[in-house]
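Undergrad: Sharing the features that TrEMBL gives for it:
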DOMAIN    185-340  domain 'O-antigen ligase-related'
TRANSMEM  34-50  transmembrane segment
TRANSMEM  62-82  transmembrane segment
TRANSMEM  88-104  transmembrane segment
TRANSMEM  116-133  transmembrane segment
TRANSMEM  153-170  transmembrane segment
TRANSMEM  177-193  transmembrane segment
TRANSMEM  199-218  transmembrane segment
TRANSMEM  223-243  transmembrane segment
TRANSMEM  327-351  transmembrane segment
TRANSMEM  363-379  transmembrane segment
Amino acid sequence: MMAELGRTHVLATWIVLVALLALANLFGNASPYIYLAVLVAAWPVLLLDGEVRRSMNRWESYAYLLAFLGLLIAFTFAAGGWEHFNNVGNFLPFLLFIPAIGLMNKSAGHGHTKVIAILALVGAIMSLGMALYDVSISGLPRAVGWVNTTNPFAVMCIMLGFLALMGFWAFSGWRRYVFFIGPVAGLYATVLAGTRSVLMIVMALAAIFIVFVAVRLAPRARIILAGAAIAGAGLAVAAIIVLGENVRAFRALESIYLFVAEGEAIDRSVAMRLELFRGGILAFLQEPIFGHGWRHHVEAARPFMIDTTIADDVAGWSHLHNDYINFAALAGVFGLLAYFIYLLVPIIATWRSIRDSQFHERLYGAFVMVACYAIYGMFGSAFAAEMLLCFGPVFTAVLLGYCKDDPDGQAQFLGRSEPAQDH
């Protein structure tokens, strides 16, 4: 019986990892339902194991629970009433961290970062394949993937690409350089998707990678790396300027310049976002505590929009194309609390995790993931796509539970470092 449970546990772990990373953009918003089903089915079984129960009893679990309860309170007292109260269920994936950390902590082992890097690389390459199929074979103007939309597809492409670079430290010799295929594939797929905001993410992730490389170098090597980074940044800016006229994905800097310097929108898509931002901020100030509730927050923002044609166009929309404003107008200060918990838990948790041989890669992975959400959240809504909504808590559990050396090692129980014991 124990052997069968062990094999089932290994199978469940692999299904979650493959669906989370390798199949993310292949199946799009259908992919999280694969690992969601596994985690929900495994939850009762995991609770039978005392060691697993203790691994779930950690401050991160309570933080995600607090985020969900905050949204539940806001939905209960929102100005828009209970018409769409059932949509609070959209945020139940916050709680997936709990069974995921139980499953992954039991699977911890030395060198597991290699597995994550390989799966992320496979996911990035498959994303590029999907993008090429959409544009070159299907004739679509922008790559979108399957059961997906362009912007979340592009964000996942670049996130998988840079997560693959965890292999730069996990492997040695020539093999470590193979993982540079990840960001190259992710960037190419992003260009085919034509998503401008992702260019800002790419620049941030490149900077994060350089910093994580630099901290392991000697002082003289850091100077050389800094010079190379400056030269690379200059070439990148030149490429953006040259290609920006013809490549939609490279027009992000032009969009920002026109808005900051001249107060203009480069096209109607940007103009709509600016109106949504303005309306959303004023809607939040109107109901700052509990917000307006699901969908009501967009309707509450419309009267504050100056361009009435845009106000008419966004009628019935479910989000404001900015997660910060979205959570504020949707659920007030409770929404902002939930959102910042979602962003900060991975960074704080990995920073406080055990300093084993995989700590560097683990922390890098957390920074990559959070940067993607934090920057994309300025221009779109990650929480409008199941793929991105579910990814954060589960991948945090993978980093904390699976990517550590000792399967019977120390877990952070309610903020204290205690050895796991059997009772």
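A Cβ is built for glycine as well, from the same backbone N, Cα and C atoms used for every other residue.
Where the annotation comes from TrEMBL, it is an automatic prediction and has not been curated.
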Undergrad: Who are the chain neighbours of the transmembrane segment (363-379) in space, where the CB to CB distance is under 8 Å and they lie at least 6 residues beyond its ends?
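TA: For the transmembrane segment (363-379), the far contacts come to 116, 151, 155, 158-159, 162-163, 165-166, 169, 196-198, 200-201, 204-205, 208-209, 212, 273, 321-324, 339, 342-344, 346-347, 349-351, 388, 391-392, 395-396, 399, 403.
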Undergrad: Apart from its near flanks, which chain residues at least 6 from the ends of the transmembrane segment (199-218) lie with a Cβ under 8 angstroms of it?
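TA: Contacts of the transmembrane segment (199-218) (Cβ under 8 Å, skipping residues fewer than 6 from its ends): 155, 158-159, 162, 165, 168-169, 183, 187, 190, 225-226, 229, 232, 236, 240, 249-250, 252-253, 360, 363-364, 367-368, 371-372, 375-376, 378-379.
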Undergrad: Which one of these stretches, 34-50, 116-133, 327-351, has the most C-beta pairs shorter than 8 Å to the transmembrane segment (153-170)?
TA: 116-133
Undergrad: To the transmembrane segment (62-82), which of 34-50, 177-193, 327-351 is linked by the most Cβ pairs under 8 Å?
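TA: Result: 327-351.
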